[in-house]
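A.B. asks: The following block contains the structure, expressed as structure tokens.
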Amino acid sequence: PCVSGGLPKPANITFLSINMKNVLQWNQPEDLQGVKVTYTVQYFIYGQKKWLNKSECRNISRTYCDLSAETSDYEHQYYAKVKAMWGTECSKWAESGRFYPFLETQIGPPEVALKVGDKSISVVLTAPEKWKRNPEDIPISMQQIYSNLKYNVSVSNTKSNRTVSLQWNGSYIHVLLCS
């Protein structure tokens, strides 16, 4: 229970998403720098009828809220909103734009392992895993979600001053660099 509109709204409400770990972040209202403001977050699943609460993001002092579990169905689209509170005053809700994890997540770099032979090198790339709710959950590779995922790989031989560039699409790469 607070007087709505008494404070300026939080600004720049956006999702930062890497490998489907979806974190809502925002800026403290400029007029309130140095003031101990708290925030409450709600989220909305596009096509549903009501805004939902996340209890861990109620009356918090930080300017982010991890909504990965709530937005884990990457084929749905979402909205989120944030309200600033100080004493008995609060801002109006500040809303994010529509967030579509499937199109908006950033895919992290692959894991790289090298196996060196006498005159060859094997480059083993492993696509990153999708964020998972529980460590016990079966890992899902981002390669499974994005079947057309490709990485550009360049391997240089400094002795022969030769570089080989390849495109990796989920299979094993074996490079023969003769010196």
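Just so it is clear, glycine is given a Cβ too, placed from its N, Cα and C backbone atoms.
TrEMBL feature annotations, pasted as is:
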DOMAIN    3-93  domain 'Fibronectin type-III'
DOMAIN    105-163  domain 'Interferon/interleukin receptor'
A.B. asks: Please work out the helix, strand and coil residue numbers for the domain 'Interferon/interleukin receptor' (105-163) from the DSSP assignment.
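C.D. replies: Taking each residue of the domain 'Interferon/interleukin receptor' (105-163) in turn, the totals are 4 helix, 25 strand, 30 coil.
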A.B. asks: Is it possible to list how many residues within the domain 'Fibronectin type-III' (3-93) are helical, extended or coil according to DSSP?
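C.D. replies: When I sort the residues of the domain 'Fibronectin type-III' (3-93) into the three classes, I find 6 helix, 46 strand, 39 coil.
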A.B. asks: Just to confirm my parser: what is the rounded mean pLDDT across the domain 'Interferon/interleukin receptor' (105-163)?
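C.D. replies: Across the residues of the domain 'Interferon/interleukin receptor' (105-163) the model's pLDDT averages 87 on the 0 to 100 scale.
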